[in-house]
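Enquirer: Provided herewith is a single structure, encoded as structure tokens, for subsequent inquiry.
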């Protein structure tokens, strides 16, 4: 039996294009390691920032551009791919759009399907699902861009509401961007109005969350119908918050795996992660972010990432390495889970 042909789909049109390329390079290396070299043949498919798909010999940003005629065509090699491994982050990647395309192709693929991916990308929908099953989370206010731009008086009323319900500091986020893109911390009315304008330029939907003094913890989930949770890790940093630069610049943030927290807190986080994974109808993989408030003992779920990063700085593969699963074995498991899910 020949090697399984894995379509490694990376790049994309979002602001997280470069992160996707770095993740794909790490995944390609894992597929070449050990037994995986005999199991799999990686077919790199690069999505340019204008949407063109290109077959490349290796993972990276190729020189030049694809021909104009390729805008609405897939490379011929696409027809030979047995299973897809999409690692396209952000909008048009992990929001259900790529997943819907792969469903139309009738090919198995790594990760969650259309619905779970879309819910996981939209922070407002995500928090609605978490709330529906009773998961504890920080207070938040959901807004539409039209709420801000339709009437100056209404704008002021919205700011009054945010100050009353959430107070300061608070965090303003575009609902559908990942990797902390477009997030602002507001400590007063002036910063709040600026933050709302920034978020509204990037997304039609905006979420404002109450600030909380807490430790930031993460847990990785792997599986389909019977998922498993990893050890819990902690992120610490010296910046105001865990923004894009902090997240992807070496040395800006420190990962502590496993986190030094009470065993009961670790078990609670692992249990909540599995509950959330199953409530979303997720498949394959996801990473869940939490706040732990030592002064009260509270554990609050913050977000899910249904297609987490796989760079050298990324928490997801490191959490599984600390749980006894190497990077090469992790990508092998993910492909097998994809084949199982789509059988």
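A Cβ is built for glycine as well, from the same backbone N, Cα and C atoms used for every other residue.
Below are the features listed in Swiss-Prot for this protein:
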- 127-336: domain 'ATP-grasp' (DOMAIN)
- 163-218: ATP binding site (BINDING)
- 289, 303: Mg(2+) 1 binding site (BINDING)
- 303, 305: Mg(2+) 2 binding site (BINDING)
Enquirer: Counting other CB atoms within 10 A of each CB, which of the binding-site residues 163, 289, 303 comes out lowest?
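Expert: If we count Cβ atoms within 10 Å for the binding-site residues 163, 289, 303, the smallest count is at 163.
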Enquirer: Near the Cβ of residue 191 (ATP binding site), how many other Cβ atoms are there if near means within 10 Å?
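Expert: Excluding its own Cβ, the number within 10 Å is 16.
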Enquirer: Compute the C-alpha separation of residue 177 (ATP binding site) from residue 289 (Mg(2+) 1 binding site), stating it in Å without decimals.
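Expert: Residue 177 (ATP binding site) to residue 289 (Mg(2+) 1 binding site), Cα-Cα distance: 16 Å.
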Enquirer: List every residue in the same chain as residue 212 (ATP binding site), at least 6 positions away in sequence, whose Cβ is under 8 Å from its Cβ.
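Expert: Non-local contacts for residue 212 (ATP binding site): 138, 291, 293, 300.
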Enquirer: Identify, in sequence order, the residues in the chain of residue 170 (ATP binding site) that are 6 or more apart from it along the sequence and have a CB within less than 8 Å of its CB; answer 'none' if there are none.
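Expert: For residue 170 (ATP binding site), the qualifying residues are 162, 185, 186, 192, 208, 209, 210, 211.
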Enquirer: What is the Cβ neighbour count of residue 177 (ATP binding site) at a 10 Å cut-off, with all protein chains included?
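Expert: By my count, 23.
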Enquirer: Tell me, which binding-site residues from 163, 191, 198, 205, 289 are within 10 Å of residue 305 (Mg(2+) 2 binding site) if we use the C-alpha atoms?
Expert: 289
Enquirer: I want to check the contact list for residue 184 (ATP binding site): same chain, sequence separation of six or more, C-beta distance under 8 angstroms. What comes out?
Expert: 171, 172, 191, 194, 195, 198, 199
